[in-house]
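Quick look at what TrEMBL annotates:
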type	residues	note
TRANSMEM	A:39-56	transmembrane segment
BINDING	A:103, A:104, A:105, A:134, A:171, A:176, A:196, A:197, A:198, A:307, A:308, A:309	UDP-alpha-D-glucuronate binding site
BINDING	A:198	Mn(2+) binding site
ACT_SITE	A:279	active site, proton donor/acceptor
CARBOHYD	A:299	N-linked glycosylation site
């Protein structure tokens, strides 16, 4: 808008000049006209340059994703564990492996989210958890959750492109792209599923999606204005979609509403940075036809996955001088404060923030030394 | 406040009358004084009566809970399953049973919440899940989650007292009281833990809490203004509390922050209907002393349980004439709509609500017959 306004202002200035200059001598007039012509051309060039620069922010055309591809993203492969360390898990090799792709990002709820999701996945045989974390370094606390689960896993640090940091970027795309990239280079067969860290998935769905030949689809609960998003089935085939936001999408479905057989993952498959269109454009990029979709969950009559969302916790900053809590007496408390900070649930600062109180016998104290 | 204001107004009126009446004759004055005396006494009596009537709303004293006890609550024991139907679960009988008390209430997120919590509990040997649901009837969908888990369970329908329906009642108290009541009458030994349906709990904590002799305590993450709520440990003993809301509580801890050995559950143990004071008053009612508390989670240095909360989904009302979707062609779609309604994720109404659209080939249609 600002760019357009700038252009219009230039045009107006040019017209105004034309009107006022009639009373001046011809030579001066010509020189001035030439000067303004140059300014006008420069303004047009500047407009074009700025338009190109901010084009991707409009987020309408596929051009966006092409533009972003040119911005280098430094992904880091943190750790890959191919071993299934779960005891009493029946991992028959004739079952197809499920690659469960979870984009995540550091926030106070990250570790509890991943912890409870790990409890779900720990029940599933032949599963490989691909976690792509939206930060530049390999998170120690995320790795701990993965290790503790005993599930085979791939841990990737995949920060979103710098370009998107300050904008209303589509969350999770950089992470899913990084995970897809790892799968393309390391996996030949299996099932691909995008499961966010805050979604809830019923164990039944895993055994259903394992049978996906090309692309399977199923209802997702707690979505939009209809309470559910699902394909509509007619005689065992997908005949349309029930989703409160059509958004001119060929496949108006949620990210959690489909699974893909990795053998069907073509080289052209890609996910663009277009908020709301990630699923659709990805499915279109696979060359998927509506008649190819395999409906699951009892012909899309059961809800076995939900788009649950977790309330964001406001991370507090606490004014605590950790270096003053020394010696054995205060060690446990100091360790708890360090753990809270490490898990990202509070920022500890020695100079600013809330001065925490300590309670003992229904009274509050300002300092540990008052009670300990 | 209104009652007090009324009293003050009466006193003012009385004083004013005293000033103005000096110029009138003595007899009239005396009669008027007597009349006003009567009015004043009546006003005082009315004030006292109103105070008594609304006393429980102030929610300060224990008197509240006594008052509520007189209001009958009809709890219903829906189903008890003592069988552990989990395959490959090591249920050594020398392990103490954990009674995991979960208050819940019907809402769009209820089934996904209970589903993912069931995935956590399914990993825990020797556990009995006591679900107390805030509704007058036994929910079929809640029972399905319980059955599916294979865990031994008790299903109670425990609606909150009528008295609290329209007020800012403390959520979950009626349910926890009903569960405690069932435990008192049916269980002799084991460990009691209050785990809400939206909390997240690490599997490690179960094995720790199983060793509770009287009352054990541990840190809870994502609480209040400090990011964590925890006892403060000095030489292996609790020496105070770290919680951003002291609230004049003897034990300023979260509901998820302690476990109780059932043998220590005295007959006087009770939980009042006082928002914010449920945990504290319950622990005080056990006769607990600070020196009796057993710190867990590595002397309260690790966070193994989190007060995660789920975003409330706004349940939509959809205008769908279900009786018109007949025959085999539309059966699957009709079944999905019924399932969505049964799981409480949308209200289906034949006369009012949002008229849902159907999408096919990037176009939207108003009726099923347009595409099917």
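The backbone N, Cα and C atoms fix where each Cβ goes, and this holds for glycine too.
Distribution of TrEMBL features across the structure.
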residue: A:103; record: UDP-alpha-D-glucuronate binding site; DSSP class: strand
residue: A:171; record: UDP-alpha-D-glucuronate binding site; DSSP class: coil
residue: A:196; record: UDP-alpha-D-glucuronate binding site; DSSP class: coil
residue: A:279; record: active site, proton donor/acceptor; DSSP class: helix
residue: A:299; record: N-linked glycosylation site; DSSP class: helix
residue: A:308; record: UDP-alpha-D-glucuronate binding site; DSSP class: coil
Among the UDP-alpha-D-glucuronate-binding set A:103, A:104, A:105, A:134, A:171, A:176, A:196, A:197, A:198, A:307, A:308, A:309, as the record gives it, the longest Cα-Cα distance in Å: 20
Residues from the recorded positions A:103, A:171, A:196, A:279 that lie close to chain B, Cβ under 8 Å, in sequence order: none
Residue A:279 (active site, proton donor/acceptor) and the residue listed as 'N-linked glycosylation site', Cα-Cα, nearest whole angstrom: 21
Tertiary neighbours of residue A:105 (UDP-alpha-D-glucuronate binding site) (same chain, Cβ under 8 Å, six or more apart): A:133, A:134, A:135, A:171, A:172, A:175
Top Cα neighbour of the residue listed as 'active site, proton donor/acceptor' in the set of binding-site residues A:196, A:198, A:308: A:196
The one of A:196, A:279 whose CB sees the fewest other CB atoms within 10 Å, among these recorded positions: A:279
Spatial neighbours of residue A:103 (UDP-alpha-D-glucuronate binding site) that are distant in sequence (at least 6 apart) but have CB under 8 A: A:132, A:134, A:171, A:172, A:175, A:176, A:179, A:194, A:196, A:197
CB within-chain contacts under 8 A for residue A:308 (UDP-alpha-D-glucuronate binding site), separation at least 6: A:198, A:199, A:200, A:222
Residue A:198 (UDP-alpha-D-glucuronate binding site): tally of other CB atoms within 10 A of its CB: 21
Fewest other C-beta atoms within 10 angstroms, as judged across A:171, A:299, which are the recorded positions: A:171
